[in-house]
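Report on the structure given below.
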Amino acid sequence: MAPRYAPSLRSRLGPLLLFLQTGFILIYAFYFEIQENVVDEASFRDAYAEFQDVNVMVVLGFGFLCTFLVRHGFSSSGFNLLVAAIATQWALMLTGLESWYDRGKIPLDLRSVLVAEMCAASALISMGAVMGKANPVQLVLLALLEVSGFVLNEQLLQGLLKVRPLKGIMLLHIFGAFFGLTLTWILYRKGSERGFEKEKFDQKPGLFSMLGSVFLWMFWPTFNSVLVDDRFPGRKLGAVYSTYLALAVSAVTAASVSVLSSPRGKLNLIQMQSCILAGGVAVGVSMSAVHQPWEAMAIGFAAAVLSATGFKYLKSHMLLAFHCHDTAAILSTHGLPGLLGWFAHLILQIKDSGDPTVAIRFAVFHICTLLVTITVSLTMGTLTGFLLRLNVWRPPQNRKCFDDQAFWEFPHLAVRK
């Protein structure tokens, strides 16, 4: 007979977090230095405003996005903050290894923190696939390994294919989606097809989840434009305009598809909150090739249709056919729009190229970029999945999945002896 209560994490979570944080403090003490040579006050204000936007997306946007589960709101928002904090610190170290090798120190400035938070976002995307079925120890290990894989993928793309850093980072949606799907496939639990007892939705949690989507929708233009070179303000503004138009079109299209795909002709809040972001994902991946407003709007329209259709039909088929229980539908929210953006980038770049030889060469390198990203993502996801399957991490039993009481204190529900 299975135990009544979820396994205690006192002997695992507490020591692990203390060990990691103590190690991070020591590393930062010896190898990091703050860059204080700010150009001017106006430049600092602009950079800090962009940092705030991205920080709101990572902490509030992703944090509230997965709170649609009735009994998993504490865990969705709380574990998101925990993973984001650890993953960002870890990403700062990994992305600064080259500077440490050259100079013996890793410079710390707003741009490096922004890059680290965007690397951490890939782990938050993957976390959505296993949300409710993994304990915080497993999520912390997931963050460390995925950020390592994502930084490795960036280095491979820049070293082998000479991909610019911005393009490499914007592949975080594809990387995170395939990493998460591989993870949930390996961590498959028997009986998932019948659904978990506490995997339910309700109005109040759905409202908080929609709030997370609104935060992401509002600040996504900054997310896509923040790493564009400041020496070309026209490109940065173009990225902002393109992202906003794609998001606006995807919001309208998602509402339309939601109504059309409903037997009773009603809007589905959970479906919409994921699909309204599809345009931002797709145009972010294809941003450097989008030069006209109609191109961004067309990409947003196609992304919303693909995402809404995938949410409605593909999520259940992935579970039945491939045993991939995707809790937060990251495939339809990030994976499919990311692949669409990659394909749109290819088509637009070939269209604008006047030389067939240059077009063919770009197509080969573009395809290799996707293949390398998916290969690294699947490989790291497989390794992480087999590591997290070990019983030493004490994963929750099926009856304790999607339940905050397994990890959080509720004094009013305590059994008094």
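Glycine is no exception: its Cβ is also placed from the backbone N, Cα and C atoms.
Straight from TrEMBL, the features:
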- 12-34: transmembrane segment (TRANSMEM)
- 17-390: domain 'Ammonium transporter AmtB-like' (DOMAIN)
- 54-74: transmembrane segment (TRANSMEM)
- 81-101: transmembrane segment (TRANSMEM)
- 113-132: transmembrane segment (TRANSMEM)
- 139-157: transmembrane segment (TRANSMEM)
- 169-188: transmembrane segment (TRANSMEM)
- 208-227: transmembrane segment (TRANSMEM)
- 239-260: transmembrane segment (TRANSMEM)
- 272-290: transmembrane segment (TRANSMEM)
- 296-314: transmembrane segment (TRANSMEM)
- 326-348: transmembrane segment (TRANSMEM)
- 360-390: transmembrane segment (TRANSMEM)
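Sequence-distant contacts of the transmembrane segment (12-34), counting only residues of its own chain at least 6 positions beyond either end whose CB sits under 8 Å from a CB of the stretch, comprise 86, 89-90, 92-93, 96, 100, 104-109, 135-137, 140, 393-394.
Contact check: the transmembrane segment (360-390) against the transmembrane segment (81-101) gives fewer than three Cβ pairs closer than 8 Å, residues 6 or more apart, which falls short of the contact criterion. Ranked by number of Cβ pairs under 8 Å to the transmembrane segment (81-101), the listed stretches 54-74, 113-132, 239-260, 272-290 are led by 113-132. With Cβ pairs under 8 Å as the measure, the transmembrane segment (54-74) is packed most heavily against 208-227, out of 139-157, 208-227, 326-348.
The largest share of C-beta pairs under 8 angstroms with the transmembrane segment (272-290) comes from 326-348, of the ranges 113-132, 139-157, 208-227, 239-260, 326-348. Confidence annotation: the domain 'Ammonium transporter AmtB-like' (17-390) carries a mean pLDDT of 91 in the model. Here the transmembrane segment (326-348) has long-range neighbours at 65-66, 69, 125-126, 128-133, 171, 173-174, 176-178, 180-181, 184, 199, 274-275, 277-279, 281-286, 288-291, 295, 299, 302-303, 306-308, 310-311, 314-315, 318-319, 362-363, 366-367, 370, meaning same-chain residues at least 6 beyond its ends whose C-beta is under 8 angstroms from one of its own.
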